[in-house]
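S.K.: Below: one structure in structure tokens.
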Amino acid sequence: MIYDKVIVRYGDLVMKGRNRNQFEKRMQQQIKRALKSFAALTYAKSFGRMTISLNGESFEPIAERLKDVFGIISFSPVIQAENELENIQAAALQVMKGLEKEPATFKVNAKRAWKPFAHSSQEMNHLVGSHVLRAFADLKVDVRKPEVELRVDTYEEGTFVYNTVIPGAGGFPFGSNGKAMLLLSGGIDSPVAGWMAMRKGLELEAVHFHSYPFTSDQAKEKVIDLARRLSYYAGAPLKLHLVPFTDIQTRLVQAKQDSMMITLMRRAMLRITEQLAVRSGAGGIVTGESLGQVASQTLSSMNVIGRATVLPLLKPLIMMDKQEIINEAVRIGTFETSILPYEDCCTLFLPKSPTTNPNLNVVERAESYISELEQMLLEAVERTEVMELTPEAQPEEEPAGEDRWF
Ligand code: ATP
Ligand code: MG
């Protein structure tokens, strides 16, 4: 490996009009957190980017990790040269000689971001290009479609010479846009919605409704696994609220409003989530809904369900097709877990013909007949268990303390 540093780019456009300092600080913190297992790395920050010295660590596993950090636009393994022509020329040769396969064509793309440097970008293209050409007999310049684009970026702290730009996940650094509650089922959609919300800089706490003992321990394990995966992307532990929903569901079934059952359940879920959100200081609720996918996801259903809360409902997947969502689930590594065949609390109580067009007045009236509903929602909130999850399952703890059923 000829490269000794990695330059990580973030910021510029997206940072305009925002609190730039805070944004940068968060970004640096997230990068360091993501790479904390690589002990030898050292970090230097500059405006809108960070330079990481590898100090002997290998680049590939670091690249794998960096690809998943939100807010990063792109990154490159580089050689950093002092701002002297000979040093830069030498670094250029090193990069070219380090290529896996000798290319037939190349071009130099120099950028002088530090104006006091003696040579303009045009001059550098020429000075570095001709130096490389002298060293490779068969190499030609192709400015339109070169096999290799040799980049030479001159900043105040030095000149970075490299030929690869790896795209980052984009978005905003985790937590830079506030906090929301994620309604996390065991399905395919909601983990993807969570990933997209986090990419936009939202910190998340997950909320899962279970109908133990009608739903199994495996169903719960599945949600825990999904939450662990999301915590990997968060780069921080993720809270999972496990809400006991059996009593409420059983009571709603007794209302004998079969076709409105899903509507009533979803509204109850939102009310509970809103209370949890207030306690957690979250300002919104994220769901995995996608327009038209099921009866509860028609415009009319979403209208009646959404009125159960005043918090903004964020639905990142709303306009996506199922196949697009599946592709994302595969890419972020939640698909395999999501398709495990364990029952969800709602499918258990699913009516034969759910309405696609509920009437708000009728729904509100049905709820008003259940005088103990408010109290039951409160109790569910009180009995909610919270787990704090990290990407890896912790080693078994000594069997001490309370008995927990998960
Ligand atoms: P998913 O694949 O996320 O389960 P879905 O297409 O199966 O979504 P629904 O089952 O109708 O659709 O659920 C719509 C949304 O409601 C989910 O994306 C999720 O955000 C929320 N949700 C459903 N069931 C639960 C649950 N048991 N706990 C928490 N949230 C849930
Ligand atoms: Mg579902």
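From the backbone N, Cα and C atoms, a Cβ is placed for every residue, glycine too.
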S.K.: With Leu183, Leu184, His208, Phe209, Arg266, Gln297 listed by TrEMBL as ATP-binding, which of these, Gly175, Gly201, Gly288, is given for the same site?
M.R.: Gly288
S.K.: Using the residues the record lists for ATP (Leu183, Leu184, His208, Phe209, Arg266, Gly288, Gln297), what whole-number Å value is the largest Cα to Cα distance?
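M.R.: Maximum Cα-Cα distance: 19 Å.
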S.K.: I'd like the per-state residue tally for the domain 'THUMP' (60-165) from DSSP, helix first, then strand, then coil.
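M.R.: Split into helix, strand and coil, the domain 'THUMP' (60-165) gives 35 helix, 33 strand, 38 coil.
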S.K.: At 10 angstroms around each C-beta, which of the binding-site residues Leu183, Leu184 has the fewest other C-beta atoms nearby?
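M.R.: Selected from the binding-site residues Leu183, Leu184 on minimum Cβ neighbours within 10 Å: Leu183.
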S.K.: Determine the mean pLDDT over the domain 'THUMP' (60-165), rounding to the nearest whole number.
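M.R.: Mean per-residue confidence for the domain 'THUMP' (60-165): 97 out of 100.
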S.K.: Could you tell me which of these binding-site residues, His208, Gly288, has the fewest other Cβ atoms within 10 Å of its Cβ?
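M.R.: Per-residue Cβ counts within 10 Å for the binding-site residues His208, Gly288 bottom out at Gly288.
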